[in-house]
Amino acid sequence: MAELRALVAVKRVIDYAVKIRVKPDRTGVVTDGVKHSMNPFCEIAVEEAVRLKEKKLVKEVIAVSCGPAQCQETIRTALAMGADRGIHVEVPPAEAERLGPLQVARVLAKLAEKEKVDLVLLGKQAIDDDCNQTGQMTAGFLDWPQGTFASQVTLEGDKLKVEREIDGGLETLRLKLPAVVTADLRLNEPRYATLPNIMKAKKKKIEVIKPGDLGVDLTSKLSVISVEDPPQRTAGVKVETTEDLVAKLKEIGRI
């Protein structure tokens with residue numbers, strides 16, 4: 001079992017602590033000069049892959065990111081956490097803004113085949129678009145079994161036991177490898193990269209390739225019509241009686 005190899009997808013997103021601003025032309029959100037970091041769910045996926053390696057269940061952990069040159073910073077973070085090497089699928093910034101789950105899933109599927117990995121790990125969703133689609137699409141392209149929203153992952157021989165929380169209970173899946181797993185928040189607590197590991201990460205290899213090298217066309221089939229801030233909420237009012245409530249609702253045109 002020590003010969004297993006894992007591919008972990010990591011996405012560069014606007015940091016969760018940053019207040020999002022919409023562009024004046026409403027074509028997207030402002031990203032220039034804004035702090036970015038690794039998607040929190042991706043951090044959990046990296047942590048799980050590294051833990052499997054520390055248990056000698058996985059031989060190699062490969063971190064991959066698809067996007068502009070700055071994505072290499074995100075890959076370096078994964079390398080500092082314990083990934084062995086990185087792959088950067090370089091996409092120009094303007095094109096990267098239009099990347100959707102379908103295009104990224106095509107890239108991940110091709111890389112999984114090229115690298116002959118046994119396990120693809122990724123966050124269940126990204127905090128920027130909240131799509132929750134990439135893992136499922138990747139499994140579909142590869143025709144591999146999938147375990148989504150994983151809260152616990154255990155290797156049992158040639159199968160992967162995945163526990164996932166569902167409404168009213170816990171569901172257990174046993175996936176025959178190779179497989180795709182998406183990480184839930186409850187899967188683990190990601191480690192902080194230590195300074196020595198950050199320094200070591202600078203010496204680890206990051207291979208830079210183009211989507212065309214994988215035979216993938218990243219042309220999006222979707223177009224964004226408009227991006228807008230949510231409407232401002234108005235302050236509520238207190239009423240003393242049911243009659244006052246009915247009168248107020250009539251006043252604002254709700255009844």
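In case you wondered, yes, glycine gets a Cβ from its N, Cα and C as well.
If you check Swiss-Prot, you get these features:
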MOD_RES   Ala2  N-acetylalanine
BINDING   Ala9, 39-42, Cys66, 123-134  AMP binding site
REGION    183-205  region 'Recognition loop'
MOD_RES   Lys200  N6-acetyllysine
MOD_RES   Lys200  N6-methyllysine
MOD_RES   Lys200  N6,N6,N6-trimethyllysine
MOD_RES   Lys203  N6,N6,N6-trimethyllysine
MOD_RES   Lys210  N6-acetyllysine
MOD_RES   Lys210  N6-succinyllysine
MOD_RES   Ser223  phosphoserine
MOD_RES   Ser226  phosphoserine
MOD_RES   Lys238  N6-acetyllysine
MOD_RES   Lys248  N6-succinyllysine
MOD_RES   Lys248  N6-acetyllysine
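Among residues of the same chain six or more beyond the region 'Recognition loop' (183-205), those with a C-beta under 8 A of the stretch's C-beta atoms are 40-41, 43-48, 50-51, 76-77, 79-86, 121-124, 149-153, 164-165. Under the three-state DSSP scheme, Phe41 (AMP binding site) falls in the helix class. Closest by Cα distance to Lys248 (N6-succinyllysine), from the binding-site residues Ala9, Gly123, Ala126, Asp129, Asn132, is Asp129.
Per-residue pLDDT, averaged across the region 'Recognition loop' (183-205), gives 94. The binding-site residues shown are Ala9, Phe41, Ala126, Asn132; of these, the one with its CA atom nearest the CA of Lys200 (N6-acetyllysine) is Ala9. Here the candidates are the recorded positions Asp129, Asn132, Lys203, Lys238. The one whose C-alpha lies nearest to that of Ser223 (phosphoserine) is Asp129.
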